[in-house]
Amino acid sequence: MESPRGWTLQVAPEEGQVLCNVKTATRGLSEGAVSGGWGAWENSTEVPREAGDGQRQQATLGAADEQGGPGRELGPADGGRDGAGPRSEPADRALRPSPLPEEPGCRCGECGKAFSQGSYLLQHRRVHTGEKPYTCPECGKAFAWSSNLSQHQRIHSGEKPYACRECGKAFRAHSQLIHHQETHSGLKPFRCPDCGKSFGRSTTLVQHRRTHTGEKPYECPECGKAFSWNSNFLEHRRVHTGARPHACRDCGKAFSQSSNLAEHLKIHAGARPHACPDCGKAFVRVAGLRQHRRTHSSEKPFPCAECGKAFRESSQLLQHQRTHTGERPFECAECGQAFVMGSYLAEHRRVHTGEKPHACAQCGKAFSQRSNLLSHRRTHSGAKPFACADCGKAFRGSSGLAHHRLSHTGERPFACAECGKAFRGSSELRQHQRLHSGERPFVCAHCSKAFVRKSELLSHRRTHTGERPYACGECGKPFSHRCNLNEHQKRHGGRAAP
């Protein structure tokens with residue numbers, strides 16, 4: 001080893017072999033970070049042919065990290081193979097003669113890298129030009145090398161042609177098999193000088209060292225967010241592009257990350273491996289279990305920096321913070337109404353489509369929102385599980401309890417930007433704001449009369465239908481409005497209806 005920046009590997013020639021004397025950069029690995037053994041081949045630009053395609057594909061240190069992680073198949077321009085490699089692990093690690101010397105004129109004018117064949121130089125130039133002539137017919141994703149396209153297409157076909165002889169586990173890419181085989185050999189020649197942890201691959205060590213240095217070399221050009229690993233960066237980019245390349249074969253639902261698809265597949269399999277030790281309730285995702293367990297512990301680890309209010313979930317905190325900022329980033333394309341959460345917008349869209357996917361099994365009544373269905377079911381069971389700790393009054397829904405508790409605290413967190421009047425609930429504020437805007441979104445289907453509140457529309461409809469839902473408990477006389485019943489009951493000397 002010459003210095004922290006480079007080293008020379010020499011192999012004594014035997015019969016039928018030639019001397020290999022290669023010097024390359026170690027891309028920032030400090031002295032001592034690379035130890036002996038076969039890991040040394042991962043730092044050489046040229047690898048003896050009989051070392052196997054697996055070793056040749058690992059020839060350039062850091063190449064896999066720069067181009068997308070350890071699972072990347074190198075193209076011919078990188079020293080890999082353009083086409084399928086061996087279908088199982090290499091038979092041996094014996095050495096063969098070094099590759100042929102470069103042909104005259106096979107040197108890149110951009111970076112000076114030399115190649116043994118002109119075809120490799122042509123393919124290498126795509127690194128500089130950004131050309132990607134190989135397009136996937138399934139999803140349209142493009143690649144610079146045909147070998148990368150072949151590997152990518154196995155995502156769609158599910159093909160995993162590279163099987164481990166030790167355990168039978170199969171992989172889409174040969175480089176993934178080579179990486180996996182290190183778990184059997186136990187060989188970890190690359191040691192971190194900061195913490196002493198050892199790794200089987202130099203590229204993994206390079207990635208690991210970023211946990212010590214805090215380096216984040218992958219920056220998003222859209223929002224400036226930086227990442228330590230290219231794989232995390234690529235997943236983040238899908239937030240901007242909307243790409244969801246991982247689709248469920250059972251229902252077609254697509255996901256931006258393969259891990260999310262794996263979690264989703266458990267729904268079809270009926271698997272709920274994460275059970276609550278307190279009540280036995282099981283969940284598909286461990287995150288769901290973590291959130292649920294806070295209902296037993298009353299833990300609320302996400303406090304608001306503005307007002308100190310704490311929440312069980314980070315998404316609840318994010319939603320709450322928008323009550324301070326007034327931000328409503330999710331806008332309906334039909335009517336322009338904006339919402340704090342994307343899930344609220346999805347539910348609101350059903351107002352325009354008329355979709356009511358949540359039906360009651362008891363009476364068949366359908367609802368656009370699942371929360372409304374759950375609340376409705378309690379009208380059949382009579383359950384009111386949400387009780388006020390101050391006065392004992394019980395409610396069918398948690399939102400009803402939350403709204404009621406403000407009557408004890410006197411808190412009115414929702415203020416009108418026009419006149420400053422404050423309200424206990426956001427729905428009350430929205431109704432009030434219509435007085436300023438003149439909006440009357442609730443229109444009678446019988447006479448086209450419009451109203452500010454839905455309750456006013458429901459009351460008005462009874463003039464058309466003749467419905468009288470409020471009956472006197474003394475004499476049985478029915479009324480269309482509660483206020484009329486209250487007036488009537490005074491004649492009996494009784495109290496007004498609650």
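Keep in mind that glycine also has a Cβ here, set from the backbone N, Cα and C atoms.
According to Swiss-Prot, the feature region 'Disordered' maps to 30-104.
Look at Swiss-Prot and you will find 106-128 (among others) tagged as zinc finger, backed by sequence analysis.
The feature zinc finger is assigned by Swiss-Prot to 134-156 (among others), with sequence analysis given as support. Across the zinc finger (134-156), the model assigns an average pLDDT of 86.
As annotated by Swiss-Prot, zinc finger applies to 162-184 (among others), with the evidence given as sequence analysis. Taking DSSP states H, G and I as helix and E and B as strand, the zinc finger (162-184) has 11 helix, 4 strand, 8 coil.
Per Swiss-Prot, zinc finger is recorded for 190-212 (among others), and the stated evidence type is sequence analysis.
Helix first, then strand, then coil: DSSP counts for the zinc finger (246-268) stand at 11 helix, 4 strand, 8 coil. The feature zinc finger is assigned by Swiss-Prot to 246-268 (among others), with sequence analysis given as support.
The zinc finger feature in Swiss-Prot is assigned to 274-296 (among others). Within the chain, the zinc finger (274-296) has long-range Cβ neighbours (under 8 A, six or more residues past its boundaries) at 263, 266-267, 312-313.
Residues or ranges marked as zinc finger in Swiss-Prot (evidence: sequence analysis): 302-324 (among others). Outside the zinc finger (302-324) by six or more residues, the chain places 291, 294-295, 340-341, 413-414, 426 with a CB less than 8 A from a CB of the stretch.
As annotated by Swiss-Prot, zinc finger applies to 358-380 (among others).
Look at Swiss-Prot and you will find 386-408 (among others) tagged as zinc finger, backed by sequence analysis.
Taking DSSP states H, G and I as helix and E and B as strand, the zinc finger (414-436) has 11 helix, 4 strand, 8 coil. Taken from Swiss-Prot, the feature zinc finger applies to 414-436 (among others).
Swiss-Prot lists 442-464 (among others) with the feature zinc finger.
Look at Swiss-Prot and you will find 470-492 (among others) tagged as zinc finger, backed by sequence analysis. Here the zinc finger (470-492) has long-range neighbours at 459, 462-463, meaning same-chain residues at least 6 beyond its ends whose C-beta is under 8 angstroms from one of its own.
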If we skip the immediate neighbours and take only residues 6+ beyond the ends of the zinc finger (414-436), which ones have a Cβ under 8 Å from one of its Cβ atoms? 323, 326, 403, 406-407, 452-453
Counted with DSSP (H/G/I as helix, E/B as strand, rest coil), the zinc finger (358-380) has 11 helix, 4 strand, 8 coil
Is the zinc finger (442-464) packed against any residues at least 6 beyond its ends, judged by a Cβ distance under 8 Å, and which are they? 431, 434-435, 480-481
Please spell out the DSSP helix, strand and coil residue counts for the zinc finger (274-296). 11 helix, 4 strand, 8 coil
